[in-house]
Amino acid sequence: MVKEDIYILGIESSCDDTSAAVLRNGVILSNVTASQEVHKAYGGVVPELASRAHQQNVVPVVDQALKRAGITKEQLSAIAFTRGPGLMGSLLVGVNFAKGFARSLNIPMIEVNHLQGHVMAHFIKESDDDNHMPPFPFICLLVSGGNSQIVKVNAYNDMEVLGQTIDDAAGEAIDKCSKVMGLGYPGGPIIDRLARQGNPLAYKFAEPNVAGFDYSFSGLKTSFLYNMRKWVQEDPDFIEHHKEDIAASLEHAIVDILMKKLRLAVKETGIKHVAVAGGVSANNGLRNAFHDHAERYGWTIYIPKFSYTTDNAAMIASVGNFKYQDKDFTKMDIPVFSKVTFE
Ligand code: KG4
């Protein structure tokens, strides 16, 4: 008997990106994302504006994803959607769209944990014979605007959080420090660009002292703010004149904190297959540190394509593809959840 193709539509709307993607048997056919420019003026995501923009974007984005995939909606096997964590109003737009669309097509819905999605971005295939994915178990450093975690991934649906931030996430700290410097939002890509031309050892900031595999970034953020205030008082043009060195030093400090605990986790678990995921995994300093560790410590590393680092629906469809095969479907009366959790 010929096996039927599985077409999964993924929908992601947890924060400020409206995204839809189609996978055929785990192979990417399309991944369309509408980012919301409206938040730039506010230096951060405004929840009410985010949900309004999702409402405007969701239908055209899904339409584009189907068109680029070259399929009709009737060919879809299931709809996978982000249930949480995220902003309540933003999530509701994606979930309610998924409910209506699934019901009208009479196909199953599949709920996906956003964090699980980031990790499972490593299982999106570029072609039928693409076999680049990490073997289970592997260690994944999950670093985004809302999370910084070290996760032991035993299976697609069995993830153990070994350590996580006790205060700010790495991305959040970068964004806040970049705001102090008067740079735009989100700060991550700007800091990344500036850091490439600066000296990473020019300035030092407070280092956290947290037990186990946990992270902390609030002390670094505060010491960054106090230092900047002091230096600007001495020289009002200090930031403008030294922005490359400041960015490089900040990036260096954050990457250093992230890698220190990751090394510890690899050592204690003995698992040398190490992946990175989430928005901050786009960072060049962090990517270089991964390559350096692969060489120095014999790690096998897994670094996602840039388009799968920040929020995207392909990673949601990737989890959906696994759950579909296990017939792990979701009931129509499912609520969203905004809190950070691995179920
Ligand atoms: O995963 P993501 O898109 O959204 C969340 O689920 O949080 O991550 C967004 C975060 C932001 O803090 C952003 O500044 C950071 O990822 N980011 C970066 C880079 N690109 C995005 N941080 C450092 N370097 C980058 N190139």
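These residue numbers are counts, starting from 1, taken along the chain as shown.
The backbone N, Cα and C atoms fix where each Cβ goes, and this holds for glycine too.
Quick look at what TrEMBL annotates:
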type	residues	note
BINDING	His114, His118, Asp311	Fe cation binding site
BINDING	Leu142, Val143, Ser144, Gly145, Gly146, Asp175, Gly188, Asp192, Asn283	substrate binding site
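Closest to Leu142 (substrate binding site) by Cα-Cα distance, out of the binding-site residues His114, His118, Asp311, is His118.
Binding residues for substrate (Leu142, Val143, Ser144, Gly145, Gly146, Asp175, Gly188, Asp192, Asn283) extend across at most 18 Å, taking the greatest CA-CA distance. Of the listed binding-site residues, namely His114, His118, the sparsest Cβ surroundings within 10 Å are found at His114. In this structure, the binding-site residues under consideration are Leu142, Gly146, Gly188, Asn283, Asp311, and the one with the smallest number of other Cβ atoms within 10 Å of its Cβ is Gly146.
Taking Cα separation as the measure, Gly188 (substrate binding site) is nearest to Asp311 of the binding-site residues His114, His118, Asp311. Across the fold, the C-alpha of His118 (Fe cation binding site) and the C-alpha of Ser144 (substrate binding site) stand 9 Å from each other. Its Cβ placed at the centre, Ser144 (substrate binding site) has 24 other Cβ atoms within 10 Å.
With a cut-off of under 6 Å between the Cβ and any atom of ligand 1, the binding-site residues Leu142, Ser144, Gly146, Asn283, Asp311 reduce to Ser144, Gly146, Asn283, Asp311.
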